[in-house]
Amino acid sequence: MAFTLYALIQTAILLTNAVAVLHEERFLSKIGWGADQGIGGFGDEPGIKAQLLNLIRSVRTVMRVPLIAVNSVCIVLLLLFG
Amino acid sequence: FSQYPHLLPLMRNPSADISGPSPLFEDTSTGSPPGGHRGQDKGPVNYPGQSLLSDPMSNLAMAYGSSLATQGKEMMDKNLDRFIPISKLKYYFAVDTLYVGKKLGLLVFPYMHQNWEVSYQQDTPVAPRFDINAPDLYIPVMGFITYVLVAGLALGTQNRFTPEILGMQASSALVWLIIEVLATLLSLYLVTVNTDLTTIDLVAFSGYKYVGMIMGVLSGLLFGRTGYYLSLLWCCLSIFVFMIRTLRLKILSEAAAEGVLVRGAKNQLRMYLTMAIAAAQPVFMYWLTFHLVR
């Protein structure tokens, strides 16, 4: 399989966009993955599900603004160069 | 030229050069530009180096340019150090021939080695030169480059070689390496392992499989498909054992690393993670080389 670095960047952007589009109250809460449903006690270390929810929430918070910029750049480049 | 005292030593040498051989051109250090142009007619033709150095304006320009370059280099070093920790990288390249030889032997035959712990020296890991268990980046980098070259060689023997595929092989292998390191980082984060494995350590461990891949492809070139499969099998097994024994000490808890069977979901998960990371190596080794040997 011939991968290029460009394909990797494309995959990364698409995956990050996919995570950023998950809606908090329409989708994540419905399937029990909401931001307030994952955190257990402060005792033992969190399990995999709690870590995953944490990851999704932090990706959505952190990557919102940079994704706007990156997507705009992608749109412009794809319009210009096909 | 009293305003450029620091340039005087520079300009003294060129004038000494001029007075040696024949004075083919006039001394233009005080002349006006039109007189200077006339006098330098024969200069560039016969002594191009001297005319360049003797002209004080170009001297000045050279000195200014070199000071600008030094400034720019300092600024770039300072900024680059924020993104890529260069001092930490230097630790990974502090190797010598003996270490490389022993490490290569360990990668191919890890079954006799007893002590897999990384020795520390006041909280910092010892440089790879002094400890064979420490990860380094020299072997992975060299292995990667050699793999690309050997892939080109293998494709050349089958008349499938074009210069573009060298770049394609390199970027393909690099992309798989990045994917593997990211997947390992993600799974380490999800399992909440308190480990001192850095990202560069993971890159180093993932890069050790290039040694096995190179050996597989080379024996495939020499002995055909049987040779390729046999040596690939041997190297896959060795890398599997090597990774398990190395990662066991870093990921599992102390008790489990001793060999005592510690029950509990946490340790079981960590054991599965170690085995998954180690099992991914042979898969990648096969995936990245099978199209090279026909």
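Each Cβ is built from the backbone N, Cα and C atoms, and glycine gets one as well.
Caution: TrEMBL annotation is automatic and unverified by curators.
Record features (TrEMBL):
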| type | residues | note |
| --- | --- | --- |
| REGION | B:12-49 | region 'Disordered' |
| TRANSMEM | B:137-156 | transmembrane segment |
| TRANSMEM | B:168-190 | transmembrane segment |
| TRANSMEM | B:202-222 | transmembrane segment |
| TRANSMEM | B:228-248 | transmembrane segment |
| TRANSMEM | B:269-288 | transmembrane segment |
- Item | Selected stretch (most C-beta pairs under 8 A with the transmembrane segment (B:202-222)) from B:137-156, B:168-190, B:269-288 | B:137-156
- Note on the structure: Other same-chain positions with a Cβ less than 8 Å from the transmembrane segment (B:168-190) and lying at least 6 residues past its termini are 144, 147-148, 151-152, 197, 199, 202-203, 206-207, 210, 251, 273, 276-277, 280, 284, 287-288
- Query: Which residues, given as numbers and ranges, are at least 6 beyond the ends of the transmembrane segment (B:228-248) yet have a Cβ under 8 Å from it?
  - Reply: 106-111, 113, 116, 133, 205, 208-209, 211-213, 215-217, 219-220, 256-257, 274-275, 277-279, 281-282, 285-286, 289, 293
